[in-house]
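What follows is a set of notes on a single structure, which appears directly below.
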Amino acid sequence: MGPELAMSFTAVRQLVAPNMSINVPPDHRSKVSRLQATDSDNELLETKVIIPEDVTTGFSFKKLWAFSGPGFLMSIAFLDPGNVEADLQSGAYANYQLFWILFWSTVLGLLVQRLSARVGTVTGQHLAEVCYQEYRTVPRLFLWIMMEIAIIGSDMQEVIGTAISLYLLSNGKIPLWGGVVLTVIDTLTFVFLDKYGLRKLELFFAVLISVMAGTFGYEFFVAMPDIGQILEGIAVPRCTNCSTDIKKVMLAIGIIGSCIMPHNLYLHSGLVKTREIDRTNSGKISEANFYFFVESAMALAVSFVINLFVMSVFAEGLYSKTNEEVLDQCIAAGSQYAHEFSNDTDPVDVNLYKGGIYLGCQFGSVALYIWAVGLLAAGQSSTMTGCYAGQFTMEGFLKLTWVRWKRVFLTRSIAIIPSFFVALFASMDAFSHLNDLMNALMSIQLPFAVLPAIAFSSNPRIVGEFANGTCQKIISVLIFIIIFVGNTILVIQYIDGIESSYILAFLAIYFILYITMCIYLVLHCTAALFDPDCAINRNKFMRKYILGKSITDYHDQNEASTLFAESFQDPVLEDVSKVKKLSFQLVKQDCNLDKRRERSKTLY
């Protein structure tokens, strides 16, 4: 639209509705959608890291260092106690057969995280903020609830890992329930770490990752698993008897669920906002996308190696062993925990607790304490990332800002209630196996993060020239199909073992809502994969029930602009009907905007 036309457009609007705000379309020369970034008083985002202007045109390590941080914080979700449990169980039960699942789950995780990081980098808004603009109220609130459930589930895993590590480090003097209670105190302590500056906070997380690498790496080099079998397990996809051995299939799905965590996508899209990026310059945005991807790839490569350490140790030491064999080994070593293994010939059932005991029996008590330190680092590092993810989702979906310590206290309080009662009244095995249930929960919630990430990163109306290409769209859709098929198998297996009619009735209601929301998100995502002006985006049903207010306003404004452009060609505006129709469109657009503003004030 030229300047004369824009002025005339404004004049007609003032003539029709003089008291309404003017909404002239943005300069068409900019190919990047300018979504208004709404940085709240979130302390994490107050100080942005300045990117150095390097004179070199090639790869710059100075710039990589400046962009480094968000990817490593994101990678912590790949190293939480849920991942560690999935690793050791997979190694102990399937030997080296599921190593390729771990590798490709990490690759898929990188590709999905790239989508969410791109949305944050290009728009200046994190995923939850864009969801607020693009989805209707009911789906948006449902997504928020699902993400809160995922965050609480993840927090439970941190509580479990921390409580078990404290129990092992204190030789049982700190009971499980005591460890659960202590996690409230240490969480509130960590909340205030970002007062010392963003880069120091990122450095602290790097130290925790180094502790995990050092402790689990120590176990690896003490156990010295077969390197040839490890490489073969990574390179050659195989799963012996998977058609009949459902436990092996469930372990594979658990690995995927523990690597690709739904709230982590919202977290990553928010963390990239901590870098100072000139979003009016397409070249700077491309540069940021590149360095964020490189940093994320490096971070997830480190997380893959750490997970590989854990899986290899237990594949080498516990595969095909029975409870009786491990019991005899622990008795011979004089372990005080030998009684934890039953005296039978069943395959050993290992978890975070028994895994540490086995290492102590096999390699000495030092190995047990080192394992506990690594587990403690895994639990503590994940606590803070869950805190930030929760804050991003609440601020984005609800436009509601809380002081961080209140937000963390609420999440942790909800998480410790079931953990506390299980720790107090159930066995150690039941407490540790809560991790398996949480991994399943993460997997089920994945569509509510993956589909928005695919939709927004593929939509040129949102990310402009940085929208996914055809190949990227196909890969993204295939990732979603893999997740959906895995979830279907997971749900069928869990329902199979439930006998309570009340629980089944509750699950039936939940899954009706679940499938309905998945269908909504799939339809919305399908529309995003095509041009905003194509038939599916102009379909009356889609515009009325599926597409959000942003695309509706986009079409209303385009129609009004087109009508006026046609009328403008007639210097005396003889076509009165077109002017009337244009006036109606302008008034309708502004009235709708005013209604939404009023509704927003009422809700929030």
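Each residue, glycine too, has its Cβ placed from N, Cα and C.
The annotation transmembrane segment is assigned in TrEMBL to 93-112 (among others).
Here TrEMBL flags 141-168 (among others) as transmembrane segment.
Feature annotation from TrEMBL assigns transmembrane segment to 174-193 (among others).
According to TrEMBL, the transmembrane segment annotation covers 205-224 (among others).
The transmembrane segment annotation in TrEMBL covers 249-267 (among others).
When Cβ-Cβ distances below 8 Å are used as the criterion, the transmembrane segment (288-315) is approached by residues 51, 63-64, 67-72, 74-75, 78-79, 83-84, 87-92, 94-96, 98-99, 102-103, 106, 109-110, 113-114, 117-118, 121-122, 209, 212-213, 216-217, 219-220, 223, 225, 229-230, 233, 268, 272, 275, 277, 350, 355, 358-359, 466 of the same chain, each at least six residues removed from its ends. TrEMBL lists 288-315 (among others) with the feature transmembrane segment.
What TrEMBL records for 357-378 (among others) is transmembrane segment.
Sequence annotations record features per position, and here TrEMBL assigns transmembrane segment to 409-428 (among others). Sequence-remote contacts of a segment are chain residues at least 6 beyond its ends whose Cβ falls under 8 Å from one of its Cβ atoms, and for the transmembrane segment (409-428) they are 151-152, 155-156, 158-160, 163-164, 175-177, 179-181, 183-184, 187-188, 340, 353, 383, 386-387, 390, 434.
As annotated by TrEMBL, transmembrane segment applies to 440-462 (among others). Residues 33, 35, 82, 112, 115-116, 118-119, 122-123, 127, 130-131, 134-135, 142-143, 146-147, 149-150, 153-154, 253-254, 256-258, 260-266, 269, 468, 472-473, 476-477, 479-480, 483-484, 486-487, 490-491, 494, 514, 517-518, 521-522, 524-525, 528-529, 531-532, 550-551, 554 of the same chain sit 6 or more residues outside the transmembrane segment (440-462) yet have a Cβ under 8 Å from a Cβ within it.
Outside the transmembrane segment (474-495) by six or more residues, the chain places 108, 111-112, 115, 246, 249-250, 253, 256-257, 260, 440, 443-444, 446-447, 450-451, 454, 457-458, 468, 504, 507, 511, 518, 529 with a CB less than 8 A from a CB of the stretch. Residues annotated as transmembrane segment in TrEMBL: 474-495 (among others).
Under 8 Å from some Cβ of the transmembrane segment (501-523) lie the Cβ atoms of residues 139, 142-143, 146, 444, 447-448, 451-452, 455, 484, 491, 495, 542, 546, all in the same chain and six or more residues away from its ends. Summarising the annotation, TrEMBL assigns transmembrane segment to 501-523 (among others).
Residues of the same chain lying 6 or more positions beyond the ends of the transmembrane segment (205-224) and with a Cβ under 8 Å from any Cβ of it are 72-73, 75-76, 79, 302-303, 305-306, 309-310, 312-313, 316-317, 359, 362-363, 367, 370-371, 373-374, 377-378, 380-381, 384-385. Sequence-remote contacts of a segment are chain residues at least 6 beyond its ends whose Cβ falls under 8 Å from one of its Cβ atoms, and for the transmembrane segment (93-112) they are 78, 87, 229-230, 232-240, 247-248, 251-252, 255-256, 259-260, 265, 296-297, 300, 303-304, 307-308, 311-312, 315, 319-320, 347, 450, 453, 475-476, 479, 482. Residues 73-74, 77-78, 80, 82-83, 85-87, 89-90, 93-94, 98, 101-102, 105-106, 108-109, 112-113, 115-116, 126-128, 146-147, 150-151, 154, 239, 242, 385-386, 388-390, 392-393, 396, 436, 439-440, 442-443, 445-446, 448-450, 452-453, 482-483, 486, 489-490, 493 of the same chain lie 6+ residues outside the transmembrane segment (249-267) yet bring a C-beta within less than 8 angstroms of a C-beta in it.
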